[in-house]
Amino acid sequence: MQRIILVGKPNSGKSLLFNQLTGLRQKVANFPGVTVELKSGQFDEFELIDFPGTYSLNSLSRDEQIAIEKLNIAVHDEHTSMVVCVLDATRLERSLVFGLQAQRLAEENGKSVVFVLNMIDEVQKHGFEIDVDGLQQALGAPVFALSAKKLIGVAEFKKALPALVKQGKTSHHDIPEAREKVIERARNISKQYGIQADVVLKSQNRIDRFLLHNVLGGVAFLAVMFLLFQSIFTWATPLMDGVEWCITEFAHWLTALIGPGMISDFLNDAVFGGVGAFLVFVPQIMVLTFIIGLLEDSGYLARAALICHKPLSYFGLSGRSFIPYLSGFACAIPGIMAARTIESPRKRLITMMTIPLMSCSARLPVYALLVAVLIPEDATLFGIFDFRGAAFFGLYLFGIIVALIVSLLLNRFTRNQSDEMDMPFILELPSYRVPHWKPLFHRVLNSGKYFIRRAAPVIFIISLCLWVLGYFPQGAGLQGSFLGQIGHIIEPIFEPMGLDWRYGVAIIMSFLAREVFVGALGTLFGMAGADDNIAGLAANIQADGLTLGAGLGLLLFYVVALQCVATVATLRAETGKGSIAWGLMAAYGVLAYIIAVVTFQLVS
């Protein structure tokens, strides 16, 4: 099968064009560096490969160096027939620097080249036109002006592309090899056939004067983050109530149909009490994904990274650590992989080692349950904000503070005089844009599906094991069951945290995956007679006497502890050292335990 490779600078719209050509749903966002791995799909009779965005073939960052190495291999491969270079019409000069280098590389290896002038709608929106014919003549290769977002010109490009691939190699053009001469040529072509970048950026600059202000920008950032966590609780509550009502009603109907007995007990305690308790929190995961997607697509996240650069630099990090950290709020795994964009090996390693301290979506069910236990539903902050939402903000903030302290210590102990010179933080600020709703909603739905697929089987198996161990021997009760006997053996470990054996069992089980904690408690308290819904579970935990000190310590334990085998495996793969990954899991586990014990002792 002949191969077409898709290249371009970061944030030029490659991934969106890839999706339009292949019908796939690769993640797209209004931020440089979204694609960190090669993505493959099929277009017509050809294999289409989307390469990570690259500013130059002379890049210093690790992720771009890897992409360039793979690009060189792909261009030399006999199966590769064409290189499609995507140019950002609003930043033509910057796009052409890499575009000309890619054209030279392709033509030297006998491959044909096609240029795609993407985001042409944004240029036209400002009342300007690009001389596409003149640009095509200057580049000596076909140029297609289109908008992958609004589907302008996409159909024509899809129709013409197969014929261009079969047509074969274009003629070789005299493109300079020296980077300075490439930049000069890109500037000349852009001036002659494109538009000046500052024309498009005037309205953007007016907004940036506020959002990037030394003081107001920081205030705006904190306000955005606070509202984000308020929204996770307030927006998701009606959806969670709806899911919980459906599960509860279905559970009552099914158990009434089956009648009392062991099967009914199993369904109530293990299935609806364990898996059902976890499913209620899926709307919160989806709301978090939606809000982060809005911030990404609008172009704000790049500004947030710039705002955070100076504070992060005090802790041995840079603004480039911000996006991996923010990705860690959804899942630590893509966050760790996104750290490839950090040029400094030391800062990259420190960022990867502290990303697990960002409160990922798997922690949300634990937070939501324990916050519901500790804080009354009608409690408000200053009579305006939901107190539970403010507690969420505090938990996320605590994780960030711990991550910064750990980063500072790692930076102090790992830095030496032979370390690399600190690179200046340079980040391309994308234009402000209205989010592309269809891919955003697909991303939201996929986050819910991924969370269910990843966690539901594990929770079901653990709930089944807990139920069997807690049900037998029959008539012995939960305390006298096999599970109760095992729990009492490990109980002394958790007594300094103010917790009994049931919490100890749930904590140990959750080292496979954090979200197991809620399902395990649902099963354990369900077998003790709790209602088969979250409100009932929270009420029974309150009635059981969980103290403020123990509950707060347990919350902080889950903020710090690294309880995800998949994250450890990703750390091992990215660092190349299993000792770092497993050592980090042990270190964070010990630190979390100490924090929980100290919190319980102080508050109590």
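Each Cβ is built from the backbone N, Cα and C atoms, and glycine gets one as well.
Look at TrEMBL and you will find 1-167 tagged as domain 'FeoB-type G'.
Annotated transmembrane segment per TrEMBL: 211-236 (among others), in sequence order.
Annotation comment: TrEMBL describes 242-263 (among others) as transmembrane segment.
With a cut-off of 8 Å between Cβ atoms, the residues of this chain six or more beyond the transmembrane segment (270-295) that come close are 29, 224, 228, 231-233, 235-236, 239-240, 243-244, 247-248, 251, 301, 304, 326, 329-330, 361, 364-365, 368, 435, 440, 443-445, 447-448, 451-452, 455-456, 459-460, 462-464, 466-467, 515, 518-523, 525-527, 530, 532-534, 537. The annotation transmembrane segment is assigned in TrEMBL to 270-295 (among others).
The transmembrane segment annotation in TrEMBL covers 322-342 (among others).
The feature transmembrane segment is assigned by TrEMBL to 354-375 (among others).
Under the heading transmembrane segment, TrEMBL lists 387-410 (among others).
Here the transmembrane segment (451-472) has Cβ contacts under 8 Å with residues 262, 265-266, 269-271, 273-275, 278-279, 282, 285, 361-362, 478, 481-484, 486, 505, 509, 512-513, 515-516, 519-520, 522-524, 527 of the same chain, all six or more residues outside its ends. The transmembrane segment annotation in TrEMBL covers 451-472 (among others).
Residues annotated as transmembrane segment in TrEMBL: 503-525 (among others).
Within the chain carrying the transmembrane segment (546-568), a Cβ under 8 angstroms from the stretch's Cβ atoms is held by residues 332-333, 336, 356-357, 359-360, 362-363, 366-367, 370-371, 373-374, 395, 398-399, 402, 497-499, 503, 507, 510-514, 517, 581-582, 584-585, 588-589, 591-593, 595-604, all 6 or more beyond its ends. Summarising the annotation, TrEMBL assigns transmembrane segment to 546-568 (among others).
Here TrEMBL flags 580-603 (among others) as transmembrane segment. Listed as Cβ neighbours of the transmembrane segment (580-603) (distance under 8 Å, sequence separation of 6 or more from its ends, same chain) are residues 353, 356-357, 496-498, 511, 547-550, 552-554, 556-562, 568-569, 571-572.
Counting same-chain residues at least six beyond the ends of the transmembrane segment (503-525), those with a Cβ under 8 angstroms from any Cβ of the stretch are 269-270, 273-278, 281, 360, 362-363, 365-366, 369, 451, 454-455, 458-459, 462-463, 466-467, 470, 478, 483, 486-487, 490-491, 493-494, 497, 532, 537, 540-541, 544, 554, 557-558, 561, 563-566, 589. For the domain 'FeoB-type G' (1-167), the model's pLDDT averages out at 84.
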